[in-house]
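Data block below; observations after.
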Amino acid sequence: MSIHINAPEGAIAESILLPGDPLRAKFIADTFLEDVVCYNEVRGMYGFTGTYKGKRVSVQGTGMGIPSMSIYATELIESYGVKNLIRVGTCGSYVEKVKVRDLIIAMSACTNSNINLVPFKGRTFAPTASFDLLKPAYDIAVEKGFEPKVGSIYSSDIFYDDDKEDWKTWAKYGCLGVEMETAALYTIAAKYGVNALTLLTVSDHFVTHEVTSAEERQTTFKAMMEVALDTIVNL
C-alpha cells in the first residue's frame, strides 16, 4: 500500500497502462481485460488488474501533469514493483503531416518543467523511451496498419499558454506534438531502471485547429490501446 494507491501487495501486474483520465482506465478495463479487479479508487483515480490474451496486466489513471504522473509512477515502481509502464494518452499535433487521430510513439520528451533542472543541478537530462518497448510497439502498430509517427514530443507544465506562438519553436526542432506527462514518466523510469513508453493519439491540431470531443477522447482511440496491450503481451 502506498499513499495514493490503496492496493495490497501483489494486486498490480508488472506491466501497466497509464491513461491520464481515470474514466479511460475504466474503459480500457471494461473493453479489453478479463477477470478484472478494481484495486484502487483513492481520489477517484481508478486502478484495475485483469488479463489480456492470457497475460496479467494492470491499468492505472494518473491524472494530468508532471507532478501527478511523478507520484503515480514512483509509487507503482517503489511500492508495487512495476517494471513496464506504458502511458496511453492524447496530445495536440504541432505539424501538419501528423493528423488528428494519428498515433504517435514518443521517442523522447522535451519540457519546460524544472523537474530535471533541480536534481541535475541546472544541467539538462534527456528523457527517452525504452527501446525494449518502443521497438515492439512500432512493429505491432505497423502490422496493424496504423502508420505510427515516431519522434520527440513536448511535455508542458502550461495548458493555457499566453504565448500563442511558442509551439512553433518546438515544431521547428522536430517535436511532433504537446502533452503534459511523458518527461516525468521517462525520467522516473530511468531513475529506477525500468521500462517506459508513451503512445499518444492526436486529439487536436495547432495547425488545422481540428479537435475531437471529450467523449471521443474518453472512450475511443482504440488503436493506441490495442498497440499498448499487444506490446505487453509480446514482452
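Using the three backbone atoms N, Cα and C, a Cβ is placed for every residue, glycine included.
The purine D-ribonucleoside binding site annotation in Swiss-Prot covers HIS4, GLU179, MET180, GLU181, SER203, ASP204. Swiss-Prot lists GLY20, ARG24, ARG43, ARG87, VAL88, GLY89, THR90 with the feature phosphate binding site. Taken from Swiss-Prot, the feature active site, proton donor applies to ASP204, supported by sequence analysis. Annotation comment: Swiss-Prot describes ARG217 as site 'Important for catalytic activity'.
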- Task: Would you kindly give the Cα-Cα distance separating GLU181 (purine D-ribonucleoside binding site) and ARG87 (phosphate binding site), rounded to the nearest Å?
- Result: 9
- Message: Please give the maximum pairwise Cα distance, in Å and rounded to a whole number, for the purine D-ribonucleoside-binding set HIS4, GLU179, MET180, GLU181, SER203, ASP204.
- Response: 31
- Message: I need the CA-to-CA distance for VAL88 (phosphate binding site) versus GLU181 (purine D-ribonucleoside binding site), whole Å please.
- Response: 11
- Note on the structure: Around the Cβ of GLY89 (phosphate binding site), other Cβ atoms found within 10 Å total 27
- Query: So of HIS4, ARG24, ARG43, ARG217, which of the recorded positions has the fewest other Cβ atoms within 10 Å around its own Cβ?
  - Reply: ARG43
- Query: binding-site residues ARG24, ARG43, THR90: which have a Cα within 10 Å of ASP204 (purine D-ribonucleoside binding site)?
  - Reply: THR90
- Item | Residue among binding-site residues GLU179, GLU181, ASP204 with least C-beta crowding, 10 angstrom cut-off | ASP204
- Query: Cα of MET180 (purine D-ribonucleoside binding site) to Cα of THR90 (phosphate binding site): how many Å, rounded?
  - Reply: 9
- Message: Can you tell me how many other Cβ atoms are located within 10 Å of the Cβ belonging to MET180 (purine D-ribonucleoside binding site)?
- Response: 24
- Note on the structure: Rounding to whole Å, the Cα atoms of GLY20 (phosphate binding site) and GLU181 (purine D-ribonucleoside binding site) are apart by 9
- HIS4, GLU181, SER203 screened against ARG43 (phosphate binding site), Cα within 10 Å - retained binding-site residues: HIS4
- Going by DSSP, is MET180 (purine D-ribonucleoside binding site) part of a helix, a strand, or coil? coil
- Compute the C-alpha separation of ARG217 (site 'Important for catalytic activity') from ARG24 (phosphate binding site), stating it in Å without decimals. 8
- Message: Rounded to a whole angstrom, what is the C-alpha distance between GLY89 (phosphate binding site) and SER203 (purine D-ribonucleoside binding site)?
- Response: 9
